[in-house]
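> Let me give you the structure first, and then I'll get to my questions.
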Amino acid sequence: MATPTPMPGSEGTLVAVMPRSPSPTPAEAGTSATETPVLIFLYFHKAIRAELEALHGAAVLLATERTGDVAALAERCRFFFSIYKHHCDAEDAVIFPALDIRVKNVAGTYSLEHKGESDLFSQLFDLLELDIQNDDALRRELASCTGAIQTCLSQHMSKEEEQVFPLLTKKFSCEEQADLVWQFLCNIPVNMVAEFLPWLSTSVTSDEHQDIRDCLCKVVPDEKLLQQVVFTWMEGKAAREVAESFATGNLVRNHSAEDVSDHGEIYVCSQQESKLGSKNCAESNGSQADRHPIDDILYWHNAIRMELHDIKKETRRVQQSGNFSDISAFNERLQFIADVCIYHSIAEDQVVFPAVDSELSFVQEHAEEEHRFNNFRCLIQQFQIAGAKSTALDFYSKLCSHADKILETIEKHFSNEETKVLPQARMFFSPEKQRELSYKSLCVMPLKLLERVLPWLVSKLSDEQATSFLQNIRLAASPSETALVTLISGWACKGRDKSKSGEYLCLTSGTARCLSDDVDDQGKCRSFCPCASHNSSDLSLQLQTENGSRPGKRGKDAVSFPGTNGSYCSQTADIDASPCSKKPCCIPGLRVKSSNLGIGSLASVKSFRSLPYNSTAPSIYSSLFSWETDASLSCSDGISRPIDTIFKFHKAIRKDLEYLDVESGRLIDGDESCLRQFIGRFRLLWGLYRAHSNAEDEIVFPALESRETLHNVSHSYTLDHKQEEQLFEDISDVLFQLSQLHDSQGHAQTKVNEVKQSCFHSSNDVDFTRKYNELATKLQAMCKSIRVALTNHVHREELELWPLFDKHFSVEEQDKLVGRIIGSTGAEVLQSMVPWVTSALTQEEQNKMLDTWKQATKNTMFGEWLNEWWKGAGTSDSSAEAPSAPEDSHLQDKLEQNDQMFKPGWKDIFRMNQSELEAEVRKVSRDPTLDPRRKAYLIQNLMTSRWIAAQQKLPEPNSEECSDDASIPGCAPSYRDQEKEIYGCEHYKRNCKLVAACCNKLFTCRFCHDKVSDHTMERKATQEMMCMVCLKIQPVGPFCQTPSCNRLSMAKYYCNICKFFDDERTVYHCPFCNLCRLGKGLGVDFFHCMKCNCCLGMKLTEHKCREKGLETNCPICCDFLFTSSAAVRALPCGHFMHSACFQAYTCSHYTCPICCKSLGDMAVYFGMLDALLAAEELPEEYRDRCQDILCNDCERKGRCRFHWLYHKCGSCGSYNTRVIKTDTADCSTPN
């Protein structure tokens, strides 16, 4: 396995969680992302995995070696989360909706996983707020938490590589894949994609980096300005410095929020500053001299207010007219303004407020706004779904009410910001800092939204306001961002009126210049068309005015970008000198082809609010997956359904996972007994979870997939089961190492005590402690990982799959599924599973679960088996305590029952006087539960007891000893092969004899008893056995209890319920037949059909059921089939007979002796009859006669030509028919 890349100083650090081998990148696999653009995501995954390994390695180093910087680790975690969160949000907004159009029931599960991963990061950031540096337990918990994140994210990406990416490659053409990748980038906020691409470049090889560049050349539209923006980000220096600082340990601050929070930068017009220029305290634009750049926020507030007022007016118009025909357009408009408000709020929370006042927060107000927008959208969607069924008047009233509440909430919020925040920003920050805040706020939006929102915003402004707004953007941006500013300015121009020729005019002053983006004859790339740029001298002058110094030459900041011919050309500063304030603006659009891929507007994008700063921010507009809202409503009616039983196992799983997580943290201070107990609990959970997973994979999921609308819904969960099985195996390996370490320490300690070398003891103890702490820390992280992975897995099943059963399966079908599941579960597993599950449930839940099981197994002996090994399981009013061990309960129940039965021994009879003897005779005579023959036998023995006692030489002091003249007949060994001295009988090989409770005699097996007795042996009543080696009578059990036999095994197989021993064959006990049967076990080579009440081979999963079909006699030999030891054959019609009887019967018959249906495929035989009849010629007088027949196979009536023996069915072609009536009239039937 690969070791994570450690942070500086972490070489050799023990890694707690080792991810599975990831899919190779395109460059490693010999393919290219250029040919298959979606494979670029494999490079994203590689970078994410590398960062996860480094983060977890640093956390483990902190826990084991107590070295490392917690603050640096926390900052690095926040940076990584911001990258990964926006990666996931872009997938949810672009990739998964597009895939859901082409392939149903795949994307929803991965979207749910993203939510669970965000919760993990929230827990991590809460932990990082504590005093980790000085607390060993917290440091180990931190290592566990980072390990859990690494495991979950690695598993999630592996599943995407195994399921999602192949589907994208298969279902989308190369051009469509390129469109998806481009939309993916356009849905990430500008400030994050500017950090993401350089960070990605530091995690790949040079060949992989070149493949990424080539892929982006194909992905980005063939517009040089767009390509320059992207490749400027790709080669960005600022973000690369961030990534490199992480790699070297010299962490810089995340400039998404913190680098604008310098509160000491209060703008004051000092004498020194006045020497640098008189314009330091005023705007360069004279007409805006009294305006502060931070007031650009007011443009957003006013534009949002105007839009919401228009929406409010529209709702009033709809209410008055009752006409809402353009509801789709209205909904789109609402979603757009919701996106604008949400991103504006995020910008304030992450950029403006932290800079102005770290304690200032409008988080609750922003969350309330999102909630109100979401409710408004849901109301419109409900109306669209309900259509004519809805009450229009009620809907219009709610529509107006929601519009009023949103406007009221936002008005109040904006008013507070304008009175509390903006005055402080004007006072404390220079114009340059204010522009920086405004520009960074704009960059919180993704390109896709910026292309729509900038024309909308500018359309709400005057020419002077729009010019000032764009000028502030240009002055705030760095020289390397010229292309981005050009793009933004060009989009803003589209918010103004078009010229007479239908083109957009540049929104600039006379100092602006248009630049040609054509390629000259020599193929050299000129500068792109920044229609809103200033000339070189004006721009330099203004930068000098703001900064007090002249800027460097543009040539030093040249960036490379791909030209149309594939070569890379540098951007220069050769600017055309002709003004273009009246020229058309030629800025390209993003060319996002959403409609071609089935992707809607940006309104479906989830909230990009960063959880480290606001962990409670809800998602909004995830309407793609409607089951997300359906799941919360499903199964909420309080009605218990059969399938609920399966999901009740999840409660027990969660309980044991919590135990493993908590107790693994205590093992570091525990002794060997604690470790043994932990291992036992882990083994139990592993075995039962494996049985649960197998039942889902083999029964539950195929049932779901059988519904046409549910194809692919379970594939992701099957992949989960494989990954979780590997997690269990990894934990098992670590537990084995811990056990070995304990054993070796014990041997070393013994050796030290013998030779008394104290110095050796000291060094050995230190080495043991170090190794043990490393393994215990690793185990704790793995237990945390498996708890998180399994908890999220079962939670997604409950959200996504559970409601599907109620929707697509009837109660009867659910009952059948439950029966199929437990019918494939062996008795030993059930004996462990039932107490395990019920211990996690309330008494009411226990009763419902057992009632469901009994309903599903009503045709079987399951209730009898349950009562035999689990005392009190059948009563619903039993105590809520966990049930005792099944074996003990069973034995205690039998002993109590035997104490109430009359079973006199020789010692008792010898002491009795005459009156007591007569009283006992009367007691036996009045006992209605005794068989008459048994009653007569007991009375006869009581009456002759004096004589019998006189014949005894001496009463034996110990009835369990057996000698040559023993009172119990048969007290001698019997042999299956006397020459080889193999104990047993002709029926079974075993080392013991059974004391028959009915006649108190010794027999090797029940068949030996029944062969010489006039009654049958009740095997389950057997309480004693005799070891054929020591000849001692003792309680029945798997081993001899005599010390001289040294726990001699009575047989390889022993059943405590049937009191059955077998030392030769493979046997299992079926809890539904409540009998021992030949085979490897339920779920292995047999399953129990709950309707037929019989064990069938796994190949007979699909068969014709007959209720209690095996509880009958063989139609040939009349032996009872259910308890017969001979092999039984299932017939196609659903009846049964012995296999030997079938072989003999079919020598002369081919129809079932019960229902007369054919016993197999008779096509060949019937074809022979066709040939025979075709060659046969009937006498003249019979040729025109017909017969009415009834077919035994298809059960249809028909007519056929006369024949003395063979009559063919006209419907199915079978000759298995019988004549109903013979007609003498002419027959026109061709048969």
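The backbone N, Cα and C atoms fix where each Cβ goes, and this holds for glycine too.
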> Can you identify, from 1-31, 404-434, 714-744, 838-868, the stretch that TrEMBL calls region 'Disordered'?
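TrEMBL lists region 'Disordered' for residues 1-31.
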> When you scan the chain for residues with a C-beta under 8 Å from the domain 'RING-type' (1114-1155), skipping those not six or more beyond its ends, what do you find?
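Distal contacts: 1007, 1073, 1075, 1092-1094, 1096, 1100, 1103-1106, 1162, 1165, 1192, 1216.
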> Residue counts in helix (H, G, I), strand (E, B) and coil for the domain 'CTCHY-type' (1050-1113), per DSSP?
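Going through the domain 'CTCHY-type' (1050-1113) residue by residue, I get 3 helix, 24 strand, 37 coil.
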> By DSSP assignment, list the helix, strand and coil residue numbers for the domain 'CHY-type' (978-1047), in that order.
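Helix/strand/coil tally for the domain 'CHY-type' (978-1047): 13 helix, 19 strand, 38 coil.
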> May I have the DSSP-based helix, strand and coil counts for the residues of the domain 'RING-type' (1114-1155)?
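Its residues divide into 7 helix, 8 strand, 27 coil.
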> Restricting to the domain 'RING-type' (1114-1155), what is the model's mean pLDDT?
87
